[in-house]
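Written below as structure tokens is the structure these notes are about.
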Amino acid sequence: MNPYILAILLLGLGLGTTITFASSHWLLAWMGLEMNTLAIIPLMAQHHHPRAIEATTKYFLTQAAAAATLLFASVTNAWLTGQWEIQQITHPLPSTMITLALALKIGLAPLHAWLPEVLQGLDLTTGLILSTWQKLAPFALILQIQPSNSTLLIILGLTSTLIGGWGGLNQTQLRKILAYSSIAHLGWMILVLQFSPSITLLTLLTYLVMTFSTFLLFKLNKATNINTLATSWSKAPALTALTPLILLSLGGLPPLTGFMPKWLILQELTKQGLAPTATLAALSALLSLYFYLRLSYAMSLTISPNNLTGTTPWRFPSTQLTYPLATSTAMTIWLLPLTPGISGLLTP
């Protein structure tokens with residue numbers, strides 16, 4: 001892609017998200033979301049491949065449906081209450097519709113079906129943008145409206161953690177596994193949103209760092225399925241040794257960074273008298289942990305078979321910068337000891 005066009009599209013992505021962040025009016029927020037969608041579509045379709053075009057079409061249709069629902073709900077809210085302010089959603093009907101529209105935008109279960117299919121059709125770089133940056137603007141809106149329907153949020157959160165765990169169990173494609181991982185993490189964030197927005201924000205930040213590490217790792221190894229991972233030991237042995245720690249941090253295993261948000265969320269849910277919800281969420285984390293362990297096993301504990309299909313592919317020197325991966329890997333593995341300081345910052 002022409003570097004000037006790429007720069008314009010990336011600036012459009014940044015501008016769309018910034019407009020949504022800064023807006024207090026529903027029309028402006030909707031405009032930012034639309035700019036975001038329109039800026040990423042050429043990036044998704046840049047590889048002229050049927051899978052990429054199919055993924056782009058699916059993404060466009062779901063995002064257009066979500067944006068139309070969001071606009072309809074905000075107009076309904078203005079009609080019922082006379083307010084266009086984002087934080088003045090008082091009527092339950094537009095509040096529920098907006099929550100569901102934003103859930104469809106970020107891929108929360110049961111409105112998640114588009115996300116694994118779309119991510120599977122993209123390359124890893126665009127997949128990284130879709131899994132991280134594209135979640136920020138809708139999440140900012142969810143945090144601002146603080147949906148009053150607490151039952152809906154808990155149902156969305158629990159369904160997402162369970163489907164994110166179950167869906168990833170039977171997958172062999174890494175991008176689909178990362179899509180289900182994204183659904184599960186978003187479920188954890190939504191569960192605690194109404195009780196502690198600061199913990200939700202912390203969970204979102206740790207999710208962004210861990211997902212960034214994982215995508216860069218797979219990109220460095222040029223891996224798109226589990227079988228390809230088995231040949232990574234000959235490409236980057238030190239990184240292959242660290243990979244299980246990155247994946248288990250995504251799974252939320254102590255003493256790694258990923259354990260911190262899960263710990264704080266379970267603690268908060270228990271404080272709010274939602275012990276059954278916390279128990280179900282903790283059990284669903286075991287499902288996610290299983291497929292992360294499966295990836296770790298395939299990558300670090302097995303050696304690729306010495307036959308024609310398992311032959312180590314020809315490798316050109318990698319042109320990918322390693323500093324971002326090194327920084328995000330260190331943050332993915334070692335931030336748990338900072339939990340007391342971070343939780344001290346979170347408490348008002």
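Just so it is clear, glycine is given a Cβ too, placed from its N, Cα and C backbone atoms.
Keep in mind that TrEMBL annotations are predicted by a computer and have not been checked by a curator.
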31-50, 151-170 - the range that TrEMBL marks as transmembrane segment:
151-170
Between 232-253, 320-341, which stretch does TrEMBL give the note transmembrane segment?
232-253
Counting only residues 6 or more past its boundaries, what in the same chain has a CB within less than 8 Å of a CB in the transmembrane segment (232-253)?
181, 210-211, 213-214, 217, 220-221, 223, 259, 261-262, 285, 288-289, 292-293, 295-296, 299-300, 303-304, 312, 315, 325, 329, 332-333
